[in-house]
């Protein structure tokens, strides 16, 4: 089969769209040189940066999903024609999505409907407190990265400076060599700050999303408690329903 236009373009050395492997190799070599010049601490900082990125992405995707679930459940409750009707509330709970956070919260509160509004309110507080603890899982690693990465960078710089001045004392060096040594020694400081700053931004973003989630869960709980107050008496028991039918 003769080569098509795309194959010919890929084989053409003068094609500007053809990927240049030499440029890629140069970039990789520059990165490896940067890491190796900074010493072993650079690899520790890189590992912390990778872990922090993974924690942020996992928590962000989770909180984004919960945000959509809570918005949908809030809209369902506010759209009820008779929010104090247990039947409508039960249908709303089923519509919230099986196993979702809003459904679990509403089921927890509705299980105490007969116990009254105060019991429902306390159950909501306990549930929300436990859910917030779960949502904050992994944030401690981001806090550790924010605090530890700059310190590791500073440690790497100090170690580099000590080595450089030791070499100067042993063999002597001119001003250009001293400046070059200081520049290399500062690589770890740059790497540490480059890890800490994105971790700080990620932590603040997740904390804001968790605060929004807490407020949304409180609104759902308040809507159910208010519905219970408006409903007045408790739900009829099975015995009362049987007696009314008889």
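Note: Cβ is positioned from N, Cα and C throughout, glycine not excepted.
Pulled from TrEMBL, these are the features on record:
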REGION    1-22  region 'Disordered'
TRANSMEM  41-62  transmembrane segment
DOMAIN    119-214  domain 'MotA/TolQ/ExbB proton channel'
TRANSMEM  152-172  transmembrane segment
TRANSMEM  184-206  transmembrane segment
DSSP helix/strand/coil residue counts for the domain 'MotA/TolQ/ExbB proton channel' (119-214): 89 helix, 0 strand, 7 coil
Segment-level pLDDT (mean, integer) for the domain 'MotA/TolQ/ExbB proton channel' (119-214): 87
